[in-house]
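Below: one structure, written as structure tokens.
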Amino acid sequence: MRVDNTASHQNVDEQEIAKFEAVASRWWDLEGEFKPLHRINPLRLDYILQRSGGIFDKKVLDVGCGGGILAESMAREGAQVTGLDMGYEPLQVARLHALETGTKLDYVQETVESHAQKHPQYYDVVTCMEMLEHVPDPASVIRACAQLVKPDGHVFFSTINRNTKSWLMAVVGAEYVLKMVPKGTHDAKKFIRPSELIGWVDQTPLRERHIIGLHYNPITDHFKLGRNVDVNYMVHTQRDEA
């Protein structure tokens, strides 16, 4: 395990790390706090596979991998996966689960900025899902992801839009009414409008290729992808060719 001790460590919110450390042991409980992540993971994975043209035998980095839900599923698709996170306990859980399931992948405790300094233009695909709204400087993360991916490579981001509807759905609804995630999981002030995210992307060699919303219907208890990006959304970007 490698631990980052560089100045880029400053782009870490210790309170956010502590929140996820406290519940890390239940990361792979399909009925626990991370049930929504397990439910949406097939949608995320299918989107990544379709937009990137497949990831078999490709080098893939999952930034903010947590306990490894997405990272492990990408490794099972035949990718050479590295999971990156600053939470010690989630990474321990991820390593143990990979060992139990016989899934081959690597986990590193390091900031994405530090990793980018060491591995520029190394990965074919970079994913950064449900992470940007948990760091002090999301633009710095986007710049690092752009640095990490090869020319013509793919970078995927997902986060939550910032508006009244997203606050009602992602905070009031998900945390307090439906109790899908623990109270305090999200800070609505840290949500990111698509225009902001794409603005940061445009300041890098990345170019936006596609954007799609992730929708939850509480009546049918069903998740699906769609064009509306009012709440959760994913963005597919691609680095300019050399």
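Positions of Cβ are set from backbone N, Cα and C atoms, glycine also.
Owing to the predicted nature of the structure, the values given are computational and were not obtained by experimental measurement.
According to Swiss-Prot, the protein carries these features:
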type	residues	note
BINDING	ARG44, GLY64, ASP85, MET129	S-adenosyl-L-methionine binding site
Exercise. Once the DSSP letters are reduced so that anything not helix or strand counts as coil, what is ARG44 (S-adenosyl-L-methionine binding site)?
Worked result: helix
For this session: Compile a sequence-ordered list of residues in the same chain as ASP85 (S-adenosyl-L-methionine binding site), six or more apart from it, whose Cβ lies below 8 A from its Cβ; state 'none' when nothing qualifies.
Result: GLY64, CYS65, GLY66, LEU91, ALA94, TYR107, GLN109
For this session: Sort out the sequence-distant neighbours of ARG44 (S-adenosyl-L-methionine binding site) for me: same chain, 6+ apart, CB within less than 8 Å of its CB, listed by position.
Result: LEU70, MET129, SER158, MET234
